[in-house]
């Protein structure tokens with residue numbers, strides 16, 4: 001009984017810590033996405049990246065677990081804003097003929113971040129030399145790892161603040177034609193440098209926002225709190241109206257399916273590997289294995305970080321594939337096929353009996369899943385107009401975080417009692433997502449509106 005309680009406490013700490021970040025990402029995704037559609041992509045990226053970096057560093061100094069969760073939650077709010085807004089921002093600079101490939105190339109940096117994080121964890125966390133005291137705080141290697149993982153967000157915020165311009169597509173939507181032309185002039189000068197060409201004079205025609213402004217004005221005439229909530233949720237209402245309704249419902253199901261499966265499995269891969277190594281099956285019960293009462297966090301076993309690094313690196317073929325083929329086939333076909341193949345690979349993870357077999361199928365799942373994520377990034381930016389693009393991506397990524405939390409909880413609760421249920425549930429959800437993807441329209445090389 002004591003061993004069982006100890007195991008359950010370990011799982012509770014694990015998925016509570018992980019879920020605190022996902023809750024922050026869930027809230028931050030839509031809020032920052034909404035603000036990016038109202039205030040500008042660049043400004044929101046600077047603020048959200050800064051929030052992510054600063055509170056990430058502060059979380060490394062937390063002396064209490066509850067404070068660590070709070071700081072990771074706030075850091076997650078920043079992360080939640082960066083992901084949907086960066087794809088809106090980036091897509092609005094790209095020519096339609098190469099937009100799919102370029103968005104897929106941008107998504108490759110997600111893989112690069114996973115590889116960097118896995119490599120850093122492999123090098124830093126097992127180290128016993130990185131251990132000193134800051135006053136009464138025992139600063140161990142995992143705290144240094146958290147600090148190092150926060151630096152990219154802070155440096156990116158500085159780059160966006162000092163170098164990058166605002167999206168010209170947003171500026172046109174916001175009736176800031178002069179500022180948009182200035183951005184076009186900057187792009188022209190960079191692309192045509194040394195070619196002896198001068199910037200042509202032209203005017204811009206912004207899209208009409210009368211319908212949206214009329215509905216906003218109608219909402220503003222209601223009570224203050226009601227007006228605030230309805231105005232903030234107005235983009236969500238518009239996602240499920242008219243020609244966007246079917247596509248939005250389909251994307252909601254797909255985001256839920258892939259997020260539940262991907263994050264549920266990804267976070268529990270180390271535990272499943274451990275069970276295969278000790279018991280010969282990913283669903284071996286931990287209560288039949290060696291007790292945890294006398295185990296310490298140090299020394300750290302490095303095998304789990306090596307396996308995490310290999311799985312992160314397995315995304316590379318999928319990223320290269322989508323870069324080469326996205327603009328030829330389109331996101332819809334890639335999305336449907338990759339979801340179905342991912343679902344099949346998860347089913348085989350349940351059947352394997354050796355650690356090597358599990359690692360192989362985990363790499364297949366990870367490598368194919370990245371095609372799904374890249375396809376969603378492309379389709380999400382192409383389906384929605386500029387005034388809704390960031391809000392839509394923020395809303396759907398928020399739905400994904402809800403699914404990620406549920407996936408973590410499902411695995412944490414059932415991994416000892418009926419591990420087959422969450423593994424097979426992931427497989428079924430991915431297969432359903434692949435079929436639902438067939439309802440989406442073809443968006444290959446369409447003009448952004």
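Here, residue 1 is simply the first one shown, and the rest follow in order.
Glycine too: its Cβ is placed from the backbone N, Cα and C atoms.
Please treat TrEMBL annotations as automatic predictions, because they have not gone through curation.
Annotated range for transmembrane segment in TrEMBL, selecting from 126-144, 145-163: 145-163. Check TrEMBL against the ranges 315-332, 423-440 and you find transmembrane segment recorded for 423-440. Using a cut-off of 8 Å between Cβ atoms, the transmembrane segment (145-163) and the transmembrane segment (392-411) share fewer than three residue pairs, counting only pairs 6 or more apart in sequence. Cβ atoms under 8 Å from those of the transmembrane segment (333-353) belong to residues 254, 257-258, 261, 265, 272, 276, 280-283, 318, 322, 325-326, 361-362, 364-365, 368-369, 371-372, 374-376, 379, 420, 423-424, 426-431, 433-435, 437-438, 440 of the same chain, restricted to positions at least 6 beyond its ends.
Of the candidate ranges 73-90, 102-125, 359-380, 392-411, 392-411 contributes the most Cβ pairs within a distance under 8 Å of the transmembrane segment (249-269).
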